[in-house]
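Single-structure report; data block below.
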Amino acid sequence: MVEMTTMMDANGVYMEQEEEWEREGLLDPAWEKQQRKTFTAWCNSHLRKAGTGIDNIEDDFRNGLKLMLLLEVISGETLPKPDRGKMRFHKIANVNKALDFIASKGVKLVSIGAEEIVDGNTKMTLGMIWTIILRFAIQDISVEEMTAKEGLLLWCQRKTAPYKNVNVQNFHLSFKDGLAFCALIHRHRPDLIPNYNQLSKDNPLENLNLAFDVAEKYLDIPRMLDPEDLCNSAMPDERAIMTYVSSYYHCFAGKIKAETAANRICKVLKVNQENERLMEEYERLASDLLEWIKRTLPWLESRQTDNSLAGVQKKLDEYRQYRRKHKPPRVEQKAKLETNFNTLQTKLRLSNRPAYMPTEGKMVSDIANAWKGLEGCEKSFEEWLLSEMMRLERLDHLAQKFKHKSDIHQGWTQGKEEMLSSQDFRSCRLPELKALKKKHEAFESDLAAHQDRVEQIAAIAQELNALDYHDTASVNARCQLICDQWDRLGSLTQSRRQALEEAERVLEKIDQLHLEFAKRAAPFNNWLDGAREDLVDMFIVHTMEEIQGLLDAHEQFKATLGEADKEYQSIVGLVQQVESIAGQHSIPGGLDNPYTSLTAKDITSKWAEVRQLVPQRDGTLQAELRKQQNNELMRRQFAEKANSVGPWIERQMDAVASIAMGMQGSLEDQLVRLKEYEQNVYAYKSHMEELEKLNQGIQESMVFENRYTQYTMETLRVGWEQLLTSINRNINEVENQILTRDSKGITQEQLNEFRSSFNHFDKNRVGHLKPDEYKSCLVSLGYSLGKDKQGDIDFQRIMAIVDPNNSGYVLFDAFLDFMTRESTDSDTAEQVIDSFRILAGDKPYILPDELRRELPPDQAEYCIQRMQPYKGPDGIPDALDYMSFSTALYGESDL
């Protein structure tokens, strides 16, 4: 028995175990014929390099000389000097030297002796040649760490995959129709078989001759197989076909190597181009968002209005439009910006690139600070609008009150200056003079009673000035006019009193009845004026307590009407007594009251007006009561809805935070749950819209406080936006963790272990670790970090890896990347340089034409535009420096 067992070469690659050969007759005659012809052609393809060849494979190797020469040619090494004698022992010695050389290459030959080769044993000689072919022609074939035979078969399958009429499954029947050989040639050199599509399985002999002729003529591959033998054999010899196919492999090996190098470069450049696209998109989104915030802030910070209620209401409507239509797209843009930034940093870490640092002013922290400032301006702007509406409403009320009191006062003072300046008393008789004096005293009493009204008018004008009323000029002018007139009335009153007292010494008669009427009618008239003024006085209330206070005060006023009626009857009785006395004694002008201009008709008219105004005031107060009851109902409706929505948002936030801890199922399960929560949140949006409608109704009704709930619309909006942001951020973090897990091949158990350690030290459940917490976590996982200076240096080096942006904390993604980075098989600058060197044919530079020939058009132009000119002494025109370009891909660069 001749047995070739499993063998391991110097590179640790196992050879395929061959079946056993028997010494006598077990080799199929057809196979033996095919092997003899194939192996002879294969040996001659190498021996011709030494200027010789063989005709009979079992005879020409018997003396060992050509066998040793064959081994020297295919190995490139020198064997021991052969024995030149023609004796049998000389031949055996030469064959043994050849067999020893084969054994030195890691091939263990079992039961193949030199004597059998010297004796011309065909089976043993073919077995030996097959062993040499395996070792020097097939064993070096490596495809995806498979055995040589499997690798060669996989190479054939991949190269012929685009050809529908070729299906390579083995090294015998799959090559029988010749199409597989033609496909291998056409795949690498389509110009040699331009009419491949016209070939047919029905013409195997024609196909085989075509392939063998083309290979021999243009590829320098000798005809090792006989087409007729292949067609006539039921099962062609596998070894013969493998030997011939290996010649194809080695012929095209250079192109395979170039394709591998080109694929590696394409992969690296594609990663770099995608990273650049993400960087440019981040810069664009960040610039757009910051510019929008910059444009919006002046509007929110502006406090300019036309000082009118309608103008402020218009601004409030504009702000609501901004909250509903303009800001939501920006919230989504901010979430997308953060998602893109996290995805970019994850891809940079996984591709062994340095962390991305945005341009100054466009860091994530800068955007977060700008967004926080925007939210602060929104809150203060809305608060200012509401307070401004309250202020202007009060101003409008005060202005109307000022006008009403001023109209009453100026109506009362009309003609008073002319009266006080009159000299009518000089032509009066004594009774008339007495009457004028009493009338003047009554006027002084009336004047004193009006002092409070003048002070009220001045106080209202002062308050309008303090509250910046828009028409303060006309208010101040009218107030000054009233005050100046009041001062003149005081001076004129004092002057007239002095004149009457001067004349009193002559005129002493007094009409007590008129005087009594004047004294009692004047204050009652003032009371009537005050009552009328109070009954038509305008008011503004915001609560049930305030309207209830007005109702109680009105009820108290109605309780005094009985006593007022008695006073009215008494005063009217005085007039009736005057009329009776004047009629009885026929006193000229006796009905004229010299002490007052008031008449019973005036008092009666005002009293009737007061009694008519009382029920009207009842109706006004009751209408306001119903309005406040409706406001109270709106408060309760908003509170009921807010007390439902607020806790719901808080529960969702807690649930999302719980999922973010990463201990509930696999990452895919967490991602599904997070997306379910996202869908639920968007489905719940109708409740927020309902609250917005309720809030709008409350604001339009001027309701500014709600004691039935702790939630405001602003706090609910902020909570809603925070919930959306938290869900989007956690979805992005889980997707990045899946990307890291799949890229580095870690198991779910390992991921859970890392998450458990991370959560243990994340005491506050904030989703990141401070430097001291992270250091404790590393120590707990077995990292040796001393408490000396060297330990601090080692820890700072680790922090530079996991926190390249110096944010002051470590996220779980960076922690996971650091814990698993040792197991990652990523490209390096040296590997890319080696790939470019292959494309350049071992030159230290590369030409644009070489790049365009080996790389896709877009990536070739990408390299040409970014590579620096080669400056070495052996450079030629247009030479490019691929080494500095490859180094820049993995270091700090503008790429």
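For all residues, glycine too, the Cβ spot is worked out from N, Cα and C.
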TrEMBL feature coiled coil, matched against 268-295, 772-799, 800-827, maps to 268-295
Count the residues of the domain 'EF-hand' (749-784) that DSSP assigns to helix (H, G, I), to strand (E, B) and to coil, and report the three numbers in that order. 23 helix, 2 strand, 11 coil
Is the domain 'EF-hand' (790-825) close to the domain 'EF-hand' (749-784), in the sense of at least 3 CB pairs under 8 angstroms with a sequence gap of 6 or more? yes
Chain residues in Cβ proximity to the coiled coil (268-295) (below 8 Å; excluding those fewer than six residues from its ends, i.e. six or more beyond): 330, 333-334, 336-337, 340-341, 343-344, 347-348, 351, 353, 356, 358-359, 361-362, 366-367, 370-371, 373-374, 827, 832, 855, 859, 862-863, 889, 895
By DSSP, how many residues in the domain 'Calponin-homology (CH)' (146-253) are helix, how many strand, and how many coil? 65 helix, 0 strand, 43 coil
Tell me the residue counts in helix, strand and coil for the domain 'Calponin-homology (CH)' (33-137), as DSSP assigns them. 71 helix, 1 strand, 33 coil
